[in-house]
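A.B. asks: I have a structure I would like to understand better, so I am pasting it below and will then ask my questions one at a time.
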Amino acid sequence: MKGGFTGGDEYQKHFLPRDYLATYYSFDGSPSPEAEMLKFNLECLHKTFGPGGLQGDTLIDIGSGPTIYQVLAACDSFQDITLSDFTDRNREELEKWLKKEPGAYDWTPAVKFACELEGNSGRWEEKEEKLRAAVKRVLKCDVHLGNPLAPAVLPLADCVLTLLAMECACCSLDAYRAALCNLASLLKPGGHLVTTVTLRLPSYMVGKREFSCVALEKEEVEQAVLDAGFDIEQLLHSPQSYSVTNAANNGVCFIVARKKPGP
C-alpha cells in the first residue's frame, strides 16, 4: 500500500468501528466470504472452548476491536474475561454493547449461530447475559509493550486469545515475534494461547481507508509461536479468505498452543 505502515496513531484517528463492523460482520444470512470467515472462527472457538475443551478462571482477549463474538464460546468456561483494544473508539463500542446502551451493535445473528453450534439456538439471550457477566473489564492494550495491558497489571491468565489482530498491529515479522513474546508474559506456565492469523495479508479496507498488515506465511506463524515458548497443540490451516476488495489474504491459520511450564 502507499505510504508507511499504519501504526497506532492512524488507528486512533481513522479506524471507524461502524465501518469495520459493516464490512466484516454483517451476518444477516446472505452468503459472503466475510460471513464464512466469521462462521469459521465461531466453529473453531466452539471446538476449543466447548465441552471437554479449554477452561479456567481468567481469559484475556488481546486486540478485541469492536467485536464480542470471539468470547462467546469461552464465557461458559471462564468466569473472568478481559477485553482490550488500542483505540478509544473500539473500547467505547465494546462498552456500549456490554451496558446495553442505545445504538449498540446488534450481535444477535452471531450469538444465535454460536448457540446453534452448542445445540441450543433458543438460549441466545441467556448467552448474551452470561457473556456480559463474565467480562469484568475493558482495557487499553498495546502488543508492543512488555506488559501489553500497561498500566494495568493483572494476575497471570489461564488463556490469552487474539483473533485477526496481531498481523494488523505489527509492521514486520520481527515485530510479530516480539509481540507474541509479550503476550506470553500474560500467561501462567501451562496456560493457553488461542489465535487466528490471516495469512499473506498486506492490507485491509475499513470504509475507504486502507490499513497495513504484515504478510505472514503459515510456517512463520508456527515458528514464532514455538519460539515464544509454546508447544502447539492444534494447528488448522484453512484456505478461508475475505472478499479480495476488502482484504486480499490467502488463507488463515488457527492455533491452540500451551505455554511451556518453565525452565
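Just so you know, glycine gets a Cβ as well, placed from its N, Cα and C.
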A.B. asks: Besides Y20, Y25, G63, Y69, D85, F86, T87, N90, D142, V143, which of L117, L163, L173, L187 does Swiss-Prot list for that S-adenosyl-L-methionine site?
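C.D. replies: Checking L117, L163, L173, L187 against Swiss-Prot: the S-adenosyl-L-methionine site match is L163.
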A.B. asks: How big is the gap, in Å, between the Cα of K13 (N6-succinyllysine) and that of D85 (S-adenosyl-L-methionine binding site), rounded to a whole number?
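C.D. replies: Computed Cα spacing between K13 (N6-succinyllysine) and D85 (S-adenosyl-L-methionine binding site) is 14 Å.
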A.B. asks: Would you count the other CB atoms within 10 A of the CB of L163 (S-adenosyl-L-methionine binding site), including those on all shown protein chains?
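C.D. replies: So the Cβ neighbour count for L163 (S-adenosyl-L-methionine binding site) comes to 24.
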A.B. asks: When DSSP is mapped onto helix/strand/coil, what comes out for L163 (S-adenosyl-L-methionine binding site)?
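C.D. replies: In the DSSP reduction, L163 (S-adenosyl-L-methionine binding site) maps to strand.
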A.B. asks: Across all chains shown, how many C-beta atoms besides its own are within 10 angstroms of the C-beta of G63 (S-adenosyl-L-methionine binding site)?
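C.D. replies: For G63 (S-adenosyl-L-methionine binding site), the count of other Cβ atoms within 10 Å is 27.
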A.B. asks: For Y20 (S-adenosyl-L-methionine binding site), which of the three DSSP-derived states applies: helix, strand, or coil?
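C.D. replies: DSSP assigns Y20 (S-adenosyl-L-methionine binding site) to helix.
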